[in-house]
Amino acid sequence: MKKQNYQHSKKIKAVIIGILTLAAVLFSVPFLQDFYTCYVKSTTTVKYASKLPESIQPAETIHAPTLQTVLGMQTQARTAVGRVVMPSVGLDDDIYAGLTNENLFYGAVTLFPNRTVRKHNLVLIGHNMGHTKVHFGVLKDAKVGQKVYLQYLGKYYQYTVYKTSTILETQINKVKDTVDSELSLVTCSAPTQTPNRILLQAKFDGLIANPRSQANMQRSHMKMVNNTQKSVVGYDFWPIFIIWLVYLLLVILVIVLK
C-alpha cells in the first residue's frame with residue numbers, strides 16, 4: 001500500500017512540475033522575444049542609401065512577430081533608406097523600402113515608397129512590440145507639438161506633430177496623399193492582434209542643412225542605442241530571471257512535500 005501511495009504521489013508531483021514548467025515557459029516567451037529583438041536591432045550594421053532600390057520587394061501580408069520568426073532573424077548588414085527619430089518619446093528606427101515582415105522586424109517601412117518627401121504625405125508603419133524602446137510602440141506617448149526628425153535618402157528633415165489619433169486598420173483614407181509635405185507614423189494600438197491603429201501626423205518644418213544638427217542627430221542615435229541595450233536588462237532580463245527563480249523554488253517545494 002505504501003509503495004502504491006508513493007508511486008501515486010510521485011505521479012502527482014510530476015504532473016505539477018510539468019504544469020509549472022509549461023507556465024514558466026509561457027510567461028517567459030514575450031520577454032525572450034523582446035530580448036532577442038532588441039539584441040538583433042542594436043547589433044545590426046546599417047548602411048543608409050541615397051536613393052530607392054531599383055527593385056522593391058512586393059508587399060506581404062503582415063503578421064505579428066512570433067518567437068519562432070524572431071529567433072530566425074540574425075544580425076546582418078542591411079541597407080536602409082533612412083531613419084526616423086523622435087527624442088521626446090525615445091523613438092529611433094531605421095526605415096526600409098518594401099512592406100515585408102522581415103523589414104518590419106528590423107525597423108519601419110514606407111507604405112508608399114514612391115512618394116517623395118517635399119510634396120507628399122510620407123507614411124511610415126512599424127510594429128508595436130510592447131517594449132517601450134523597440135520600434136513604434138512609443139507612439140502611444142507622443143503629444144502634439146513634439147518634434148520628429150527624418151533622415152531620408154541622404155537628406156535630413158524636421159517635422160512638428162499636429163495630431164495624434166486612433167483609427168481602424170481599414171481607414172486607409174486617413175493616410176491619403178497631400179500636396180504639402182507631411183509625415184504620418186502608424187502602428188498597432190497594442191502588441192497583440194487588434195483592429196486599431198495609432199496614427200501620428202506631423203507637418204513639415206524644413207530641411208536640416210546644418211551639419212551640426214545632423215551630427216546631433218547621429219549622437220542621439222548612438223545614445224538611444226545605448227539606452228535600448230540598458231532598458232533590455234531591466235525590462236526583459238530581470239522578469240525572466242524572477243520567473244525562473246520562482247519556478248525553481250516551487251519545484252523544490254513540490255519535491256520536498258510528502
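In case you wondered, yes, glycine gets a Cβ from its N, Cα and C as well.
Straight from TrEMBL, the features:
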ACT_SITE  HIS127  active site, proton donor/acceptor
ACT_SITE  CYS188  active site, acyl-thioester intermediate
TRANSMEM  12-32  transmembrane segment
TRANSMEM  237-257  transmembrane segment
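Its own atom aside, the Cβ of CYS188 (active site, acyl-thioester intermediate) has 24 Cβ atoms within 10 angstroms in the protein chains shown. For HIS127 (active site, proton donor/acceptor), the same-chain residues 6+ apart in sequence whose C-beta sits under 8 angstroms from its C-beta are ALA64, PRO65, LEU104, PHE105, VAL134, HIS135, PHE136, GLY137, THR187, CYS188.
Under the DSSP three-state reduction, the residue listed as 'active site, acyl-thioester intermediate' is assigned to strand. Secondary structure at the residue listed as 'active site, proton donor/acceptor', taken from DSSP and collapsed to helix, strand or coil, is coil.
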